[in-house]
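Colleague: So that we are looking at the same thing, I have put the structure below in structure tokens.
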Amino acid sequence: MLKILIPTIMLFPTIWLSPSKWVWTTTTLQSLIIALVSLSWINWSSETGWASSNLYMGTDPLSTPLLVLTCWLLPLMILASQNHIKAEPIARQRNYITLLASLQTFLIMAFGATEIIMFYIMFEATLIPTLIIITRWGNQAVRLSAGTYFLFYTLAGSLPLLVALLLLHQNTGSLSMLIIQYSQPMALSSWGDKIWWAGCLIAFLVKMPLYGVHLWLPKAHVEAPVAGSMVLATILLKLGGYGMMRMMLMLDPLSKDMVYPVIALALWGVLMTGSICLRQTDLKSLIAYSSVSHMGLVAGGILIQTPWGFTGALVLMIAHGLVSSALFCLANTTYERTHSRTMILARGMQIIFPLTAVWWFLSNLANLALPPLPNLMGELVIITALFNWSPWTLILTGAGTLITAAYSLYLFLMSQRGPLPQHIINLQPFHTREHLLMILHLLPVALLITKPEIMWGWWY
Amino acid sequence: MSPYVITILLSSLGLGTALTFMSSHWLLAWMGLEINTLAILPLMAQHHHPRAVEATTKYFLAQAAAAATILFASTINAWTTGEWNIYCLSHPAATILITMALALKVGLAPVHFWMPPVMQGLTLTTGLIMATWQKLAPFALIIQMAPFTHPLLLTTLGLLSVFIGGWGGLNQTQLRKILAYSSIAHLGWMIIVTQYKPQLTVLVLITYIIMTSATFLTFKLMATTKINTLAMSWAKVPTITAMAALALLSLGGLPPLTGFMPKWLILQELTMQGLPLTATMMTLSALLSLYFYLRLCYAMTLTISPNTNNSSAPWRLQNTQATAPLATLMIMTLLLLPLTPLAQTLTN
Amino acid sequence: MTPVYFSFTSAFTLGLTGLAFHRTHLLSALLCLEGMMLSLFIALALWMLQLESTAFSAAPILLLAFSACEAGAGLALLVATARTHGTDRLQSLNLLQC
């Protein structure tokens, strides 16, 4: 654990002490090296399920893929935000990279924590850097309300979680993830216990986000700069899923009856947010709603609590993280050239940027779960698990898949095909940096399917 | 004001508080409180500005009435039990009266109305003394009193304070009033746990004093008293402005900053006492306060240039304030959370 | 409840009620405060006499001294408000209202 954490913390001196010419290069390089070293976590040799260097930090098959994803994302974020931060004074550039690096530090500690309270604190600690990224470097005045929404939705869900966790601590005497799954299942029956159950999950459902409490997400995505959108879509939403998987183990006897409304809402949300995507005009908003739709499926997979459900949820989280981040990067490249997120103002891009159109095509196909990609694997496993749980869910999940395909095609057609608008003149060509960025997003997606065991979680 | 007078006033301010700390006799405790009040009055009114005089008058009336009530209640107690010792308070009416009078002295919720106007009329330095030092003596008495008081009274005071502190600050544009409401909210957190674990009250008091001193000193350095002029602080002291936003979030109690530590420990204590509902209400009330801290952050740091500014640029004078205390306090405001195990050991 | 107890309690309560509800003028508020302090003086003095505790005999005088200081501070504030606001009506102290 420390072999990743200490280099990550050493990013701060790198950021502030390297000469201004080399800031971006050195930080990208160092974070890339960290990401490559973090791949060694995947090499799994532990027999107990946990590989921990000490009592407080450890990895297990559930957290490893997410940890590697976190480390992988930092160089990509730095690469992606180079262009629009370059114009600012050097101190602010350093500040910005510091925020990104601190976010990674907190996230590593969150996923690596073996104590639930520690996880909770780090879960909350990611709020401040993200808030600053959104509200300081966002583009429009609405970013302030987006930041408020982001902070208050999350906190309103997660402050009751703190009380719920403290109650759990009082009951079981320990909150260590290493042993809490072996503790006696609690006898939960009263109304108070049901409220406690809800308190344990609502924070993660808001973070996920579940349909109904998702309003903060499109706002935050639309207003955030590209790195903010990337980290939100890739990791922060997955914090919710990860936390839910950890908590579900402890909530057992009560969950069987309590999850119905939540599953119904999640699956209904897949349909609803998919339909919302179909009539979006705003590029980033569409991608954001598509995230909500996919995360609804993930929530459903987690809540039915079967091994397949968990596996599918984890696979879909990883795959969706990479793909939606790629889509946000692409959206940002368009935004940096046309300075508009409205899709109708930037049509027919295929004619002028053919290679980029390939990237758009590939990421859209990945987003709609084309066969060999892990997205399909995740969705298929979740749909199968849900079908096994209740055949009627196939109506919702099937329609959801159809709508996903429809809006992905819509996104591709609206942005890449069609006539080129008259006002599109004098666009700067694509940088090699941006192509590299897309390769670094899509290559892992393609490679993961060759060895999906590494993101199957506990069961392989 | 001449430095000799200031020295005398400040030392009697300290003397009053120390007297209250050390006394076990109600009369002496009362004397300490009176000396304390009498010493701060000239400090408050030293600039003969209508606002300062008005604030002093309001403060004087509230404090004098509270002090008289404390003495009256302890006299009642002495008439029925013949005992002046602070630890021997047994008359029920006297306990309630004294608790309410002390609540009036520090500015807890149902009797908090003097607090925002008084803070508004003071300079930032005096306001700092008012928000920190002046709380110590009454809280020393409250902590000694708490075991004899009815739990419902303290819980009601605490919950009302956190909600009114959060709610009242939402509508303010004046920094000192916002800080007064934030003080009321923090007092609520302190009073709610007094009966269960008085050490935690002291811990909250200490962290609150650290955080609020950092905030006051920052505002003093920037010479701002309104949200509007906060927007120009970036041009004056960029690093401190960036830190100050975090200090405000720390006051709001966001992890991983210091402000989360007292809240966490209090919630833990409340759940251990079997009061999860109270704990949940306290946490949700923290959201109310957080909203206005967040607004301050927006105005100060997150909407800085190149955006348009709607306040005129102020004069930039050479800064003569010593910054070493501010630096120390700021570091403590931001980074004390990892010391929570130490705090827990000390408060057990 | 002895008559003495009753009398000083009601005197104090009257003073407090006056301070709380009838404060048109700062001077009347100060008078109420003074009344409260004097009732306390009587209470302390009678308590001392009743219990014949000579060790406590300085207490009423100390109380009186402090209340005199307080009254002095109050009168000084009366002068100050009269100079800054032109009146001693408490209603006119409204510069700092929320």
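Every residue gets a Cβ built from N, Cα and C, even glycine.
A TrEMBL annotation is a machine prediction, not a hand-curated record.
According to TrEMBL, the record shows the following:
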| type | residues | note |
| --- | --- | --- |
| DOMAIN | A:1-110 | domain 'NADH:ubiquinone oxidoreductase chain 4 N-terminal' |
| TRANSMEM | A:21-42 | transmembrane segment |
| TRANSMEM | A:62-81 | transmembrane segment |
| TRANSMEM | A:93-111 | transmembrane segment |
| DOMAIN | A:113-403 | domain 'NADH:quinone oxidoreductase/Mrp antiporter transmembrane' |
| TRANSMEM | A:117-137 | transmembrane segment |
| TRANSMEM | A:149-168 | transmembrane segment |
| TRANSMEM | A:195-217 | transmembrane segment |
| TRANSMEM | A:224-243 | transmembrane segment |
| TRANSMEM | A:258-279 | transmembrane segment |
| TRANSMEM | A:286-304 | transmembrane segment |
| TRANSMEM | A:351-370 | transmembrane segment |
| TRANSMEM | A:390-414 | transmembrane segment |
| TRANSMEM | A:435-459 | transmembrane segment |
Colleague: With DSSP as the reference, give the number of residues of the domain 'NADH:ubiquinone oxidoreductase chain 4 N-terminal' (A:1-110) in helix, strand and coil.
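Modeller: Here the numbers are 82 helix, 5 strand, 23 coil.
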Colleague: Report the listed stretch (A:62-81, A:117-137, A:224-243, A:351-370, A:390-414) having the maximum count of Cβ pairs within less than 8 Å of the transmembrane segment (A:435-459).
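Modeller: Top-ranked stretch among A:62-81, A:117-137, A:224-243, A:351-370, A:390-414: A:62-81.
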Colleague: Between A:62-81, A:117-137, A:149-168, A:224-243, A:351-370, who has the most Cβ pairs under 8 Å to the transmembrane segment (A:21-42)?
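Modeller: Result: A:62-81.
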Colleague: Let me spell it out: take the transmembrane segment (A:390-414), skip the flanking residues so only those 6+ beyond its ends count, and list any with a Cβ under 8 Å from a Cβ in it.
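Modeller: Same-chain residues near the transmembrane segment (A:390-414) but 6 or more away: 267-268, 270-271, 274-275, 277-278, 283, 286-287, 290, 293-294, 296-297, 300, 343-344, 347, 360-361, 364-365, 367-369, 379, 382-383.
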Colleague: So which of A:62-81, A:117-137, A:149-168, A:258-279, A:351-370 has the most C-beta pairs under 8 Å when paired with the transmembrane segment (A:195-217)?
Modeller: A:149-168
Colleague: Residue list, the transmembrane segment (A:117-137) vs rest of chain: Cβ under 8 Å, 6 or more residues beyond ends.
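Modeller: Distal contacts: 56, 85, 96, 99-100, 102-103, 106-107, 109-110, 143-144, 146-147, 150-151, 154-155, 158, 161-162, 165, 169, 175, 177, 203, 207, 220, 223-225, 227-228, 231-232, 236, 239, 243, 246.
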Colleague: Would you say the transmembrane segment (A:224-243) and the transmembrane segment (A:62-81) are touching, if the rule is that at least three C-beta pairs must lie under 8 angstroms and be 6 or more residues apart?
Modeller: yes
Colleague: Using a Cβ cut-off of under 8 Å, list the residues of the same chain at least 6 residues beyond the transmembrane segment (A:149-168) that approach it.
Modeller: 116-117, 120, 123-124, 127, 130-131, 134, 175, 196, 199-200, 202-207, 209, 213, 215-216, 219-220, 250
Colleague: Using a Cβ cut-off under 8 Å, which residues of the same chain at least 6 positions beyond either end of the transmembrane segment (A:224-243) come close to it?
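Modeller: Distant contacts of the transmembrane segment (A:224-243): 62-63, 66, 69-70, 73, 76-78, 80-81, 84-85, 96, 100, 103, 107, 110-111, 119, 123, 126, 130, 133-134, 137-139, 143, 146, 203-209, 217, 284, 287-288, 291, 295, 298-299, 302, 313-314, 317, 320-322, 324-325, 328-329, 332.
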